[in-house]
Amino acid sequence: MLERLNGLLMQAGIVITDTQKTQLVQLVELLHKWNKAYNLTSVRDPDAMLVKHILDSLVVSQHLHGERFIDVGTGPGLPGLPLAIINPDKQFVLLDSLGKRINFIRQVILELGLTNVTPVKSRVEEYQPEVGFDGVLSRAFASLEDMLSWCHHLPSAQGSFLALKGQFPEQELAQLPANIHLVASHQLVVPELEGERHLLEFKHIQPEQGRSFI
């Protein structure tokens, strides 16, 4: 599997350490093992997991700006775990409401020795962080409107929402509230993955402060 991963990384132009490659392979092996009992993903084949879960997560890495990130509706830790593995200098909170998913993430953290991942079992609207995040990641939400509504309290004043989508969602964008600004749209290239992938970056438009009229 390591040789297969090396080939995919080369196609994607992603350079990581040998230790990180080994950890990514371990992640796939654990996901494949746990999936048989806990049904964590509909992708059953480890080779397909490398493409649809690992590479599909890693291509987001170059667009992560800042130090603190939260992956909302992380499922079995996607994209949070692969991103944490190749970004040991960044901190990741992985949020999900299902205990079996959080238990899996805890096991991965233990077996891979990850020190930059914090799993949290909670519904997103009930999770209240003490400090806002530089980036709020999600590939779980069906609609942008839901993501931006339920996660509105999570980014810092300068933080961004980072939504992983398939096709460019023009119709959804037209329905977004006026206080949300699309900062950037990145078309992602995932080797051997059929269909389009986009990463959309949003920010809150901050109200003007300190203006008074007499």
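Cβ from N, Cα, C; glycine included.
Swiss-Prot annotations:
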- Gly73, Leu78, Val124, Glu125, Arg139: S-adenosyl-L-methionine binding site (BINDING)
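Feature annotations (Swiss-Prot) mapped to structure.
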| residue | record | Cβ contacts under 8 Å, 6 or more apart |
| --- | --- | --- |
| Gly73 | S-adenosyl-L-methionine binding site | Leu95, Asp96, Val124, Ser138, Ala140, Phe141 |
| Leu78 | S-adenosyl-L-methionine binding site | His53, Asp56, Ser57, Asp71, Arg139 |
| Glu125 | S-adenosyl-L-methionine binding site | Trp150 |
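Reduced to three states, the DSSP call for Val124 (S-adenosyl-L-methionine binding site) is helix. Binding-site extent for S-adenosyl-L-methionine: residues Gly73, Leu78, Val124, Glu125, Arg139, maximum pairwise Cα distance 20 Å (rounded to the nearest whole number).
Around the Cβ of Arg139 (S-adenosyl-L-methionine binding site), 23 further Cβ atoms fall within 10 Å across all displayed protein chains. Secondary structure at Leu78 (S-adenosyl-L-methionine binding site), as computed by DSSP, is coil.
Residue density at Val124 (S-adenosyl-L-methionine binding site): 24 other Cβ atoms are found within 10 A of its Cβ, drawing on all protein chains shown.
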